[in-house]
Every structure is written in structure tokens, then in C-alpha cells.
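Before any comments, here is the structure.
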Amino acid sequence: VISWNGIVTYGAMAMGAPLGVVFYHWGGLQALALIIMGVALVAILLAIPRPTVKASKGKPLPFRAVLGRVWLYGMALALASAGFGVIATFITLFYDAKGWDGAAFALTLFSCAFVGTRLLFPNGINRIGGLNVAMICFSVEIIGLLLVGVATMPWMAKIGVLLAGAGFSLVFPALGVVAVKAVPQQNQGAALATYTVFMDLSLGVTGPLAGLVMSWAGVPVIYLAAAGLVAIALLLTWRLKKRPPEHVPEAASSS
């Protein structure tokens, strides 16, 4: 379920970037805005008749207790999300600074790699464990971000973006399945919501901070810095695997 959420989200991004360019050239910014509003309205109409989800019975844990059990996994997710943030927000400026065309296609490559990886490896987490998958993904994402940061030709940047998308693809579900097992079943919804907040906060902070770094050191540096943050996430996940919290059985079983 977690994987399919990402598939449809980033599948929309893969289609949205080139379609947005087409609609902008066809009818300008106003036409593009109206189309986006129309799509959002259709989504609302489709969501209204959906049945409500029944809450699990049982005494819920306090928010502080849930946060205490999932925050390490959330921190790893937040650090890895910086790579996605700098690509989604600054890839156009990166291409413009290099004097290249094709920024929208690069974003499409990222999204296609993201969706494709989830479709190609749907059972990877169940087979080798969430933490193992996360560490593999971090390694691939680091290579991709480094390639973008040092790119001197458009093809290097495109390969880097492709690898970053493939690497980031399974990070959320891989860490998420471990995080939700840290709490009783009746609290897993709260655990997933708390875990997701770390990604949202990361994306909210990445833009302004990366903008400051970019104005001081140039656009390529933000991709190198993001690779460093993902490397910290890799080390954190390795520590969680070697010294797992007592309340997370999956972390120990995946070693």
C-alpha cells in the first residue's frame, strides 16, 4: 500500500512535467492553472464517495511515545529526502546555470526511475528486510547526486537524476515498514503519520537552505551537499541495523 501511494504520486510527476510544458506553450499560464484546478476538482469528486476507514480498537499510545519510537527512522527519511528536494526544486536552475535544455525531461527521468524501481522490486523489502533495502537505496541515491553535482555534460546529469530517482524510490516504504512495527497495531496509523511528517518537514526546509547555499557557492554544490546528507542517513540506518531498538523485531531479523 505504501509503495502504491508513491507510484501514483511520482507517476503523476513524470507525466505532469512534460504535459505542463505542452499546455503552457498551448494556452499560457492561465490555461495551465485552469487545467490544474480541473484535475484537482476531479480528484476531490473521486475521493468523496470513498468509504471511511474503521479505527482499530485498543488504547492508543501518546504522541510523544509514538514519536520516540519512530524518530530515528524519520530522521533517516528526512536526510534522504533532501536529494529529492534539491532535484525537484532546483533542477531547472541547475540546467539554466549550465546553459542546457531539457530540465523537464530530467524531472521526468527521476519520476520514471522512481516508479519503475517500485514496480520492478515489489517484494524486495519482504525478501531482504527494510533496513537492507534502505541502505542499498541510499548508496544508489548518493552516486546519482554526486553525478549531478559534478556533471559537465547533460548526459551525466540525466544519469545522475535517474539513479537518484531509483535510489530514493524504496526509501520511504523500506524504512516505513520497520517504523510501523515499532508500535502496537492500533498505533500503526499514528506511527506512519508521524514518520511521514519527517519527509514533509525535510522538503519544507530543504528549499530555503539549499537556496542559501546555492547563492553562496553555486547550484552544483547543493547536490554534493545533499549527497552528504544521504550518506549520514546511510550511516544512521547501518547503526539501526547493528544496534536495533528492542521494540523493533524486523531490524534484528533482517541482519
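For all residues, glycine too, the Cβ spot is worked out from N, Cα and C.
Bear in mind that the values here come from a model prediction, so they are computed numbers and not experimental data.
As written in TrEMBL, here are the features:
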TRANSMEM  7-26  transmembrane segment
TRANSMEM  32-49  transmembrane segment
DOMAIN    35-255  domain 'Major facilitator superfamily (MFS) profile'
TRANSMEM  70-91  transmembrane segment
TRANSMEM  103-121  transmembrane segment
TRANSMEM  133-153  transmembrane segment
TRANSMEM  159-180  transmembrane segment
TRANSMEM  192-214  transmembrane segment
TRANSMEM  220-238  transmembrane segment
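Only pairs six or more apart in sequence are counted, and the transmembrane segment (192-214) with the transmembrane segment (70-91) gives three or more Cβ pairs under 8 Å, enough to call it a contact.
Taken together, the residues in the domain 'Major facilitator superfamily (MFS) profile' (35-255) have a mean pLDDT of 87 on the 0 to 100 scale.
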